[in-house]
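Swiss-Prot annotations:
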ACT_SITE  7  active site
BINDING   7, 139  Mg(2+) 1 binding site
ACT_SITE  67  active site
BINDING   67  Mg(2+) 2 binding site
ACT_SITE  139  active site
């Protein structure tokens, strides 16, 4: 079974891909889809659509875990919600089951505290996936943490 974790955003979408073999977690890939801030918003959303489709076709995940978005009073709120909509549409078009997790739930599951720092989350991701390095950029580490949250929920520790 393969899972893709996704940390939504307009400028940067973090992703992390983990495979389960014989109840053991295996890190496959992580990174970000970056969009050009000088492009029009619709072009950036289309870039996310294309790049996520390419990732899905390459790695063929069975399930997905996506960070839930909560409304904040920010000028980027609408853009992030639109990017998340594109992400959900791509996953639905590929018939990939999606689970959603609040940031505090991810932190609690992975690092033991809903208020864990970014550093604590990254260290927990490294420990859980037996990595010798911190996934970069942070958005990719967040995406791996989101995927690990789903696996934990499924009883795969």
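Note: Cβ is positioned from N, Cα and C throughout, glycine not excepted.
Mapped onto this structure are the features recorded in Swiss-Prot.
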residue: 7; record: active site; DSSP class: strand
residue: 67; record: active site; DSSP class: strand
residue: 139; record: Mg(2+) 1 binding site; DSSP class: helix
Cα-to-Cα gap, residue 7 (active site) vs residue 67 (active site), nearest whole Å: 6
Cβ contacts of residue 139 (Mg(2+) 1 binding site) (under 8 Å, same chain, 6 or more positions away): 7, 9, 12, 13, 14, 32
Neighbour tally for residue 7 (active site), based on other Cβ positions within 10 Å of its Cβ: 26
Nonlocal neighbours by CB distance (under 8 Å) for residue 67 (active site), same chain, sequence gap 6 or more: 6, 7, 8, 100, 101, 102, 103, 106, 142, 146
